[in-house]
Each structure stands twice: as structure tokens, then as C-alpha cells.
């Protein structure tokens, strides 16, 4: 590996695709981003055009090379990280998708999920996959496409169709159809993968009538899956050597390599993931059990709590209530509040995620008086994000018995100093902000680089990690518990109002 070698991370997200080029020290030297179309055919449905996603990825690869000034031949390996659960089915010979990609947020297969519950399959799915039965995951989306595209079931049974999440689709396209693989982390989000036996589950496939021939082979998160075909990568054959779903990539990028290490990504929603080590913890409290990552012949499991609304509640203050000009203004406005924290905002705009999993709940405000100001509402909205994180972290502690010493954070809202300080106060543990908030792409780059010897081992990765600011608890215990008790009352009242 020469001094002039680099690693490229492709970060394929829900609204945009990005490519970032990293050097040996984990610093990005060039990047490019491109948004793509969101399709909403019916209420609750969300779809993407898989070919448009592929075109956007090709565009950002070129853009990253232009910005960095490096040549494709200098790329030692490519890591892919992706929006998870989003489902694509395509023709094996032509490479043409038979339907739009059904996005993780989409509820169009909810009836299939409800049918599985009514048939009494919930416990079986939970034990084998670690997941709750929900249309969030890929399994019901596959079944929906096979049911609604004419002839699809028969074609799948004849071995003519392939399924993949976004990682698999991009790998297949980059290798010109040579590689049909996925990784442990993405497989564990399909609701088809047995996380104990590390294989596609025959009983589940039979229940859903999904032919096994459609499914990609599952590999580790750090190995060479194939090489780019020259015409897709400007004349170079570069190994694709790392893959992970976005939240697991962020866990790896945050260096959460030991059991009990926990990270939270504050994005549109908030995703708290804890490394639980080499044995899965099946949650008794509605946390998702998933695979964190598999490297060097070992698989590390994780617990995940998904919060549906985090950063999007700040966007609501800006766009819906017109209380902010810019989302970043929320910190300054919150600090102007003179309230005693008696206002609570429960941002259940699309229901409540973990640990409640209440799709029917809707947002509410409590404690309003004639004296309540917009500053109070902005502050309470930020606090609502932090309270939800405590709900999840407390539940994880109850599930595992593990005391967390620090919460590692990243994502856009982690820049909000007021939110981070309140988060430390309400959790009573330090908050460590990442020095570089691009931890998702960095995790994919790390996985790719380890596989090709760009980095030697985890110890060398740790040397490149630069933590950002640490926020220490400043609140008294009595005050903390008083505030949190008020939040629990607000959530209970919200759930009662339907």
C-alpha cells in the first residue's frame, strides 16, 4: 500500500447518495452528494427508482474524484454503507428492476405484516430474527412485490429474479452482475435471516413463500466481494471490500468495538445501537436484536432502538410552525427560554418507536399557559428528543444489565450544544461527540480498508480516532428524575389520546 492510496466510501442514504474519499488518517479529502426522487404513490407508501439511485452513485463517484484530484487507480478499496431494509427485485439476465425500490419507511406491506401476526407467527420471527414483525423490514416488501407484479412469483420460482437491499444492488451493478452478495448487518434487517444459525431461515421462507434462489449469499462486513468493472470505475478494477447498513457502519465508525459500547446517531430519526458482544441478547422490552458486524471470523451482535422523530421535529419547528429561520437556530432560541421546563413536547408525528412501538400515537404538547413562548416550545422540542433517547437507553440497560459509561454521538443534531448538554443531564452519563460527524461513511471506509490491508487492525484504527467535545452531567439527581417523571406522564397521556 503506497502513501498515495485512499479508500472510497459510498454512502447511499434515503434522500441522497454520497461518495467520500478518505486518507490513511481517516480524514476526508474529497466528497460529492446528489439527491434523488422520492415517490409517494399512495398515503404511507414511499418508493425509489433503483436505476436513479445507481445513476446518482455513478455521479457522486465522479464528483469525489474531481474534488479530491486523485485518480481511480489510487483507490485501494471501496466500502458501501446504505439505507437498510429498502427492497429491490430485478431480472437476473437484464438487470432491470421489476418494480420500484420499496423504502424502509413505506407501510404498503402493513397488511402482510398484520397477517403474519394474526396467524400467530410473531414469536417465531422474533426468536429467529431478533426483530418484531413489521412492514419496516424487507420480508413483507418482497412478498408485496411478488404478489403485485404480474408473473413475479412464477419467475422467482424459475430462478429468473434476484432480491437485494441497496448494498447488494450497488455491488451487483459495480461488478456488472458478477457478485450477488450481502453482509451480516443488512441480512439481519430483512426479517428472513436466522441470526443464531447465520443463514436464511427455511421455515420463514416457507411461511412467506419466498424462493431461496432469489436471495444473495451472506458474507462478512470486511472482505473482498468483487472488483469494479473498468467501464463503471473509469478504467480501474478496484476491490469492493466493505459493506454495512448505515447504523451498523456508524457503530463501527465510532469505534464501539467492546460490549456495552453504545452510539446514537441524531438524524431525521434517532438510532441508538449497543454492541452486546458475541452472543445475541433477545430483548424482552421491544428493542431490536441485530447483527452489529462480522469481521475476522467473529460476529458481534447489537441491540437497537429506533426513534422515528428526532431532527425532523426541529424541521417541523422551522417549516410547520415557522418558529425558526434555520434549524441550527434552535440552540440559541432554546437558551432564551425562561420556562422552568414545565412544557413537554411529545413528537409522535408518525407514531412512537422503541420501546413503545405505537403506530397510532400522535404528537402532543403539555403544560402550556398564557405565558408560554415560542422559545419554551423550541426548548421543549429539543428536550423531547433527549427524553426519547433516555427511554431507549434505560430499556437497553434493563435488557442487558450493562451500565453504560459514555454515549457516543454523531449526526447533524449532535452539533446542537443545548441538546447535547441536556442529553448528558437527563441520562446522567457523559456524551462524547465524534470529532468527525461523518461516522457512517468512515465506518464503511474502515471495514473496506481492513480487508485490503490499508489499515492493519483495530488498534491502528483507534490511533486515527479523534473524539470531539465531551458533555458532563450538570443536573441534580432529584431534578433529573422529576423532569423525567413528567415526560413519562406526557407520553402516557399522548398514547391514551387516540
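Glycine is no exception: its Cβ is also placed from the backbone N, Cα and C atoms.
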Swiss-Prot ADP site partner of 14, 18, 311, 412, 416, selected from 265, 268, 369, 473: 268
Per Swiss-Prot, member of 136, 193, 300, 301 binding glycerol alongside 84, 85, 246, 247: 136
For residue 246 (sn-glycerol 3-phosphate binding site), the number of other Cβ atoms found within 10 Å of its own Cβ: 26
Cβ packing number for residue 412 (ATP binding site), 10 Å threshold: 16
Which of 14, 15, 247, 268, 416, all binding-site residues, has a Cβ with the fewest other Cβ atoms inside 10 Å: 15
Greatest C-beta neighbour count within 10 angstroms, which of the binding-site residues 18, 84: 84
Spatially closest candidate among 14, 15, 18, 311, 412, the listed binding-site residues, to residue 85 (sn-glycerol 3-phosphate binding site) (Cα to Cα): 14
